[in-house]
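These come from Swiss-Prot:
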BINDING   Gly75, Thr78  Na(+) binding site
TRANSMEM  8-28  transmembrane segment
TRANSMEM  35-55  transmembrane segment
TRANSMEM  71-91  transmembrane segment
TRANSMEM  101-121  transmembrane segment
Amino acid sequence: MKLVYTYVAVALGGALGGAFRFILTIIFPFHNWPWGIFTANLGGCFLLGFLTPILQLKKSIPLAVKKGITVGLIGGFTTMSTFAADTIAMLQNGHLLGGSVYLLATVTGGMGFVALGFVLGARGRTR
């Protein structure tokens with residue numbers, strides 16, 4: 001049953017995080033630079049880095065609440081924060097090669113798959 005609460009907390013947090021990210025894109029519209037998304041990515045990275053060690057020490061806070069904040073709210077606000085936190089965790093745990101490969105593979109792979117998606121999506125529009 002506790003897992004159900006965690007799912008609900010993550011879903012609600014994700015909805016709020018996504019809504020907050022959308023609000024930032026309205027406040028800071030794209031004019032030569034995606035300020036809203038840039039702010040969400042860097043702000044979310046800071047928030048996840050700041051809150052994770054605090055939440056780990058707070059044993060009185062239920063796991064569902066912790067996951068709702070980190071995976072849900074901040075993850076919904078920006079997936080960049082989770083990627084950055086996972087990379088840092090790998091490096092801190094001595095997995096220098098794995099962390100470095102994960103970093104490079106995620107960035108280059110992400111860019112490559114976005115480009116592939118654009119190409120395939122454009123083909124579908126011209127047929």
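In case you wondered, yes, glycine gets a Cβ from its N, Cα and C as well.
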Chain residues in Cβ proximity to the transmembrane segment (101-121) (below 8 Å; excluding those fewer than six residues from its ends, i.e. six or more beyond): 83, 86-87, 90
Gly75 (Na(+) binding site) in three-state DSSP notation: helix
